[in-house]
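Some features that Swiss-Prot has for this protein:
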- Cys5, Cys8, Cys17, Cys23: [4Fe-4S] cluster binding site (BINDING)
- His250, Glu274, Cys318, Cys410, Cys438, Cys463, Glu498, Lys500: hybrid [4Fe-2O-2S] cluster binding site (BINDING)
- Cys410: cysteine persulfide (MOD_RES)
Amino acid sequence: MEMFCYQCQETLRNEACVAQGVCGKSPETANLQDLLIYVLKGISYWANKARELNVEDESVDLFVAEGLFVTITNVNFDEGRIVEYIDEAVDKRRIIENKFKEVYEKKYNEKFQEKVPDAAVWNPKDNNEDEYLNKAVEVGVLSESDEDIRSLKNFLVIGLKGVAAYTDHAYILKHSNDDILAFIEKALAETLREDITVDELMNLVLKIGEYGVNAMALLDEANTSTFGNPEITQVYTGTYETPAILVSGHDLLDLYEILEQTKGKGIKVYTHGEMLPANAYPGLKKYEHLAGNFGGSWWKQQQEFEDFGGAVVMTTNCIQKPRNSYKDRIFTTGLVGWPDVQHIPNRKKDGQKDFTPVIQKALEIGPIKKREGKAITIGFAHEQTAQVADKIVEAVKSGKITKFYVMGGCDGRNKDREYYTNFAKDLPKSAVILTAGCAKYRYNMLDLGDIDGIPRVIDAGQCNDSYSLVLTALKLKEAFDLKDINELPIEYNIAWYEQKAVTVLLSLLYMGVKGIRLGPTLPAFLSPNVLETVAKTFDIKTI
């Protein structure tokens, strides 16, 4: 079986993965994910119709966001679970369709007669994987013949995946926004239109930027209202000789529950990858057994998890194929999945997840090896940065800071990403890097020093904390009484890998930022015509 996937930066030859995903995704998993997205579009068709009659179902809307999140790179490689999501998607679609038709018939005293797209009515006969795979071949990426329409439809879906991920994270912390969910469904439903134009699709793609900002703001509010505003924090990168759990991914609530359940058990907990910023939240750093951060970005995990020696928990995306050396001590939870890896089930209403299997494994393994480390400085989210804004402004006015470089985004395996390390090393000592996301691991261990106590690497947090970088830029614009954000002494050198980074890019464009340098390559899902339009309109370049 073949596949066609070009949603990430590492897609084969910067064209598409067709035999096997560079990420490790099988053709079967890729095709099942295509079908899941197809059914999500069908749900969205009915949800939009229902919303026109003031009929809503939050469980359906949230499922659409969750379903998109499942298809993000490195989230779920478990075919069986993708099949379960498709089963549930068909059920959710039926629920919202019936709700709509019931109200429609009462209001108009007649049955709904409009022509309905196949995604909204396709019903499997056998509900098995073979049937799903056969259907997936019909509805995958290449089912759209027009190159530019295909490019824009996929650009749209890829951007929506990031919005969906941030929205889902916020919902886990009891924060939701109906307008964001409604936009996701409206945009998905629009991709089913046979008469949609290039201009209409381009406008929808750019609209993602607005909702990307809204979703990041929602998640920021969820995180900070739950765990407090991040504080400037020194994080240790070594390990201690005790039983240990390493927590990777993005889900702060999972980390909190692990910390709660390991209190008094002699276990030290470490963050990994995108979980590093958790060490700066008051509600998490208060736990004395949160010992620091081990390792770097996601793509080094196979060696790092093997070396770590303790139990490992993957809370969101960024999982790679586990090596046999640690497969019996790695656990997934939430939307993450890998075949034959033990999964921690979701929490029941108002309860916690039960991380007992992880804790037992850590205790069974016993103490891990002691390693010396160094301290790195984190915690410069927008609230903390605002508290030192006067100092930053004064340093700019005095000429001690001459330029800021926003170097947020994702890290990855591509050797060309060494460019970002060299770029950081070669910056003048009067330059300051503003970063968020795992791209930071290319330079956050360098000894770049500080300027009057201001670190030359200002780390705002996870990829969603790019929102903090935007707020910081807007505050600087206000402080210098400028009319345009592009008048600031800021350059944008963004590294992308997966779909959330595309959402961040569109959010920056929405905020009016121009002249972004995007790398290490430009997205394969952009056709030549679409790429030319976007590059010319927003002055986007590559490295």
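Along the chain as shown, the residues are counted starting at 1.
The backbone N, Cα and C atoms fix where each Cβ goes, glycine too.
Using the Cβ center of His250, Glu274, Cys318, Cys410, Cys438, Cys463, Glu498, Lys500 for hybrid [4Fe-2O-2S] cluster, the list of other same-chain residues with Cβ within 8 Å runs, in sequence order, Gly273, Trp298, Asn317, Gly437, Gln462, Tyr497, Ala501. Of all the Cβ atoms in the protein chains shown, 33 others lie within 10 Å of the Cβ of Lys500 (hybrid [4Fe-2O-2S] cluster binding site). It is 26 Å from the Cα atom of Cys17 ([4Fe-4S] cluster binding site) to that of His250 (hybrid [4Fe-2O-2S] cluster binding site).
On the backbone, the CA of Lys500 (hybrid [4Fe-2O-2S] cluster binding site) and the CA of Cys5 ([4Fe-4S] cluster binding site) stand 16 Å apart.
Other residues of the same chain near the [4Fe-4S] cluster site, with their Cβ within 8 Å of the Cβ centroid of Cys5, Cys8, Cys17, Cys23, are Tyr6, Gln7, Glu10, Thr11, Leu12, Gly21, Val22, Lys25, Ala30, Thr73.
In space, Cys23 is the closest of the binding-site residues Cys5, Cys8, Cys23 to Cys318 (hybrid [4Fe-2O-2S] cluster binding site), judged by Cα positions.
When the alpha carbons of His250 (hybrid [4Fe-2O-2S] cluster binding site) and Cys8 ([4Fe-4S] cluster binding site) are compared, the span between them is 19 angstrom. Considering only the binding-site residues Glu274, Cys410, Cys463, Glu498, the residue whose Cα is spatially closest to the Cα of Cys5 ([4Fe-4S] cluster binding site) is Glu498. Considering only the binding-site residues Cys410, Cys438, Cys463, Glu498, Cys8 ([4Fe-4S] cluster binding site) has Glu498 as its nearest partner by CA-CA distance. Spacing of Cys23 ([4Fe-4S] cluster binding site) relative to Glu498 (hybrid [4Fe-2O-2S] cluster binding site) is 11 Å (Cα to Cα, whole number). According to DSSP, Glu274 (hybrid [4Fe-2O-2S] cluster binding site) sits within a helical segment. Listed in sequence order, the residues of the same chain lying 6 or more apart from Glu274 (hybrid [4Fe-2O-2S] cluster binding site) and placing their CB within less than 8 Å of its CB are Ser248, Gly249, His250, Trp298, Thr316, Cys318, Gly437, Cys438, Gln462, Cys463. Around the Cβ of Glu498 (hybrid [4Fe-2O-2S] cluster binding site), the same chain contributes Gln7, Cys8, Gln9, Ile72, Thr73, Asn74, Asn317, Cys410, each under 8 angstroms and 6 or more positions distant in sequence.
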